[in-house]
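Below: one structure, written as structure tokens.
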Amino acid sequence: MAKLTVSDLDVKDKKVLMRVDFNVPVKNGVIGDDNRIVAALPTIKYIIEHDGKAILFSHLGRVKTEDDKKALTMRPVAQRLSDLLGKPVTFVPATRGKQLEDAIADMKDGDVLLFENTRFEDLDGKKESGNDQELGQYWASLGDEFVNDAFGTAHRSHASNVGIATAMKAANKPVAAGFLMEKEIKFLGNAVDNPKHPFVAILGGAKVSDKIGVIDHLLDKADKVIIGGGMTYTFYAAKGMKIGTSLVEKDKVGLAKEILDKAGDKIVLPSDSVVAEKFDNDVPHKVVEGDIPDGYMALDIGPKSIKEFEDVLKDAKTVVWNGPMGVFEMSNYAEGTLEIGKFLGTLTDATTIVGGGDSTAAVKQLGVGDKLTHISTGGGASLEYLEGKELPGIAAISNK
Ligand code: ADP
Ligand code: MG
């Protein structure tokens, strides 16, 4: 069912509570990558350009001790947001109380306020992460409407997304998705539930065990499932092939066998690999076909596999990619991921989607992200979406 979005709301003169994902890397008060702040700008601008009052909040890192508060304050984030918006942002160093309530009461239409890290509430009995009902109700009482734009935490049931949404709805106040959330639902949701065929899934990364849910769900939906990366060799073992010292999950070999039996020729495995004697960029490496020789580990798919995968992908209308094809962090084993990324960029007729924390990092690092249709902003959240799970943060948004 379609979800209510911010453009369905009348935000004029309204106090719009907005859950953003400002969980950015901060070191000594300095923000590293500010992509997540940039990604929230369209929704924030929409609210203020339509004369709403934008009251923003997010978690930042994990707050376990009183000491963590110094490193994990939202103050530098407020400054960066102000720079990006080109207007002042009021920062309130509290998550509740008179100072926050007074600051909200003082807001004029078009103003922006950011309050302190929602996880500061975790020091008091895990109120944020444990979705404390009273906390969700309190935050809901601060505004007229709630917009959730934090896809990255949508797989969690916290007070700042699910708790507040539940309380808003109970008070007959609207709960809507922001534009970023809307985009994630549109691309990830449509790709999996309503794909244009041929639909090809590319699954890689380190472990079969991390991806069982994704493999199962996508095997049902996709026309072909390409397997690459470290998980390949658990499948090789299941086929009785030699794997040398490659990554393997011995306790998942049986499961890999079951998956292969069930999937028949839907699964496409690499036919060659780049192998080395050690998990190291600076050791001799070579390409081998099929079996991995004793004393060698497979660290990337080989050139023949790249061609074979491209052949499967060339007519695809939908491609979902999760998991790098090799150890892309090392230049000698990045080729498979790089070439598949480049090839996806040439599929102008297809919707191409990347989800997963390391996969997103890989396409960005290798510079192949620009030509893809959608790169998800949520690591864990996108994986759970690809598993076909209902994400609590999305479920809590009002339907249209
Ligand atoms: P994502 O975060 O996108 O879901 P994963 O966490 O499953 O992806 O996998 C990413 C990791 O898999 C990378 O760090 C990469 O180095 C590793 N990897 C890929 N291929 C291999 C391989 N052949 N052997 C060992 N590790 C691999
Ligand atoms: Mg990962």
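Using N, Cα and C of the backbone, Cβ positions are placed for all residues, glycine too.
The feature substrate binding site is assigned by TrEMBL to D21, F22, N23, R36, H59, L60, G61, R62, R119, R156. Remark: R119 (substrate binding site) has H59, L60, G61, R62, V63, L72, E128, S129 as non-local neighbours, by Cβ distance under 8 Å and separation of at least 6 in sequence.
Secondary structure at R36 ((2R)-3-phosphoglycerate binding site), as computed by DSSP, is helix. When Cβ atoms from all protein chains are considered, those within 10 Å of R36 ((2R)-3-phosphoglycerate binding site) total 20, not counting its own. Annotation source TrEMBL lists (2R)-3-phosphoglycerate binding site at R36, R119, R156.
Taken from TrEMBL, the feature ATP binding site covers K211, E329, G356, G357, D358, S359. Sequence-distant contacts of D358 (ATP binding site), defined as residues of its own chain at least six apart whose C-beta falls under 8 angstroms from its C-beta, comprise G205, G323, P324, G379.
If you check the binding-site residues N23, G357, S359 against R36 ((2R)-3-phosphoglycerate binding site), the ones with a Cα inside 10 Å of its Cα are N23.
Among the binding-site residues listed (D21, N23, R156), N23 has its Cα nearest to the Cα of E329 (ATP binding site). In this structure, N23 is the one among the binding-site residues N23, S359 with the smallest number of other Cβ atoms inside 10 Å of its Cβ. The full span of the recorded substrate binding residues, D21, F22, N23, R36, H59, L60, G61, R62, R119, R156, taken as their largest Cα to Cα distance, is 18 Å. Here the binding residues for (2R)-3-phosphoglycerate are R36, R119, R156. Their largest Cα to Cα distance works out to 18 Å.
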